[in-house]
Amino acid sequence: MAKRDYYEILGVAKSADEREIKKAYKRLAMKFHPDRNQGDKESEGKFKEIKEAYEILTDGQKRAAYDQYGHAAFEQGGMGGGGHGGFGGGGADFSDIFGDVFGDIFGGGRRQQRAARGADLRYNMELTLEEAVRGVSKEIRIPTLEECGVCHGSGAKAGTKPQTCSTCHGAGQVQMRQGFFTVQQACPTCHGRGSVIKDPCNACHGHGRVEKSKTLSVKIPAGVDTGDRIRLSGEGEAGEQGAPAGDLYVQVQVRKHHIFEREENNLYCEVPINFVMAALGGEIEVPTLDGRVNLKVPAETQTGKLFRMRGKGVKSVRGGAQGDLLCRVVVETPVSLNEKQKTLLRELDESFGGPSGEKNSPRSKTFFDGVKKFFDDLTR
């Protein structure tokens, strides 16, 4: 039976470049791979055709011979010689094609596995609001893995050094034939590092790292808030056998303040005033992070009114304008009244015309009028 054209098998033009051929091969090989079509003889035959076409068209010399002489170039005694026949010859390595698709099967490529970078560490730092707003330097002590001072991270005893792995010759990977494919795996002798330690350091037992605690001075910039994270490069755990160290991340948590609440760059506080000041107006001393200031309260101030003190908030660590302090007035009801005070309040209430006095309590008048209308509507 006549063989099909290799370009036709892969569905590419004769002018297709290697990238297009590889793309077509990957798509078709995935579709007709024997593992996906177990027991399907037709799919197995197509897969053999696809592999054969790919092997010829990605080899410069074989492709040139095929373009000139067709299949005759690879028949016994033909121009190509070598007796190419499906899976039987050629020995092509397909792990580069499937490396991104079947990474686990083929060992993820041909790169030598490097010694592992040190792990990143996290430290939770609690700050007062004042420390967060103004900035502070704090000393912290953390347990970590540091580079061994005896072998300087190599893991080998003093006077010796790691030896090139005799199994993989420093490549970190070995090739194994599995069925139709040449599979790359991490070297079982050196575990992918490309070197072995024949005589390990007595201090770190060949790991290149030892357990220690270290003290660091951490500078917290002004304006940080809960959830902010500060990175100290290279202050994490030391890497294995001389690999780079990880980083230390300081996680900021600001304690609740007894006066202020922070919302982004603004501060909020509640300022209690008595009902006399609320009615007549006056001045009251309020706290800020910069010290005490006087707040002018106008006459007829209602509870819940916000007063903004510009520039008395927080300057964010990310820059921008400084926030404001917003004071929320809370009008306090007097308690523990004596008889004289109660009498005076009753007289004052009578002068207002009762709880629904229109002139002195406009909101109360509106409220009670609404209540009266509500009940009138119910009884109709």
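Placed from the backbone N, Cα and C atoms, the Cβ positions cover glycine too.
Record features, source Swiss-Prot:
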BINDING   CYS148, CYS151, CYS201, CYS204  Zn(2+) 1 binding site
BINDING   CYS165, CYS168, CYS187, CYS190  Zn(2+) 2 binding site
DOMAIN    5-70  domain 'J'
REPEAT    148-155  repeat 'CXXCXGXG motif'
REPEAT    165-172  repeat 'CXXCXGXG motif'
REPEAT    187-194  repeat 'CXXCXGXG motif'
REPEAT    201-208  repeat 'CXXCXGXG motif'
ZN_FING   135-213  zinc finger
For this session: Measuring CA to CA, name the entry from the binding-site residues CYS165, CYS168, CYS187, CYS190 that ends up nearest CYS148 (Zn(2+) 1 binding site).
Result: CYS190
Problem set entry | 8 Å Cβ shell about CYS148, CYS151, CYS201, CYS204 centroid, Zn(2+) 1 site members excluded | GLY149, VAL150, HIS152, GLY153, SER154, GLY155, ALA156, PRO200, ASN202, ALA203, HIS205, GLY206, HIS207, GLY208, ARG209, VAL210
Problem set entry | Neighbours of CYS165, CYS168, CYS187, CYS190 excl. site residues, C-beta within 8 Å of centre, Zn(2+) 2 | SER166, THR167, HIS169, GLY170, ALA171, GLY172, GLN173, VAL174, PRO188, THR189, HIS191, GLY192, ARG193, GLY194, SER195, VAL196
For this session: Pop the Cα-Cα gap between CYS151 (Zn(2+) 1 binding site) and CYS168 (Zn(2+) 2 binding site) into the table, whole Å please.
Result: 25
Problem set entry | Same-chain residues near the repeat 'CXXCXGXG motif' (148-155), Cβ under 8 Å, at least 6 residues beyond its ends | 161-162, 197, 200-204, 206-210, 238-243
Exercise. What is the total of other Cβ atoms whose distance to the Cβ of CYS165 (Zn(2+) 2 binding site) is within 10 Å?
Worked result: 21
For this session: Give me the Cα-Cα distance between CYS151 (Zn(2+) 1 binding site) and CYS190 (Zn(2+) 2 binding site), rounded to a whole Å.
Result: 19
Seminar exercise, completed: Rounded Cα distance in angstrom between CYS187 (Zn(2+) 2 binding site) and CYS201 (Zn(2+) 1 binding site) is 23
Problem set entry | Integer Cα-Cα distance in angstrom, CYS204 (Zn(2+) 1 binding site) to CYS165 (Zn(2+) 2 binding site) | 21
For this session: May I ask which residues of the same chain, at least 6 positions away in sequence, place their Cβ under 8 angstroms from the Cβ of CYS201 (Zn(2+) 1 binding site)?
Result: CYS148, VAL150, CYS151, SER154, GLY155, ALA156, LYS157, ALA158, GLY208
Seminar exercise, completed: Here the mean pLDDT of the repeat 'CXXCXGXG motif' (187-194) is 81
Seminar exercise, completed: Cβ-Cβ distance under 8 Å, sequence separation of 6 or more, same chain as CYS190 (Zn(2+) 2 binding site); the residues meeting this, in order, are CYS165, THR167, CYS168, GLY172, VAL196
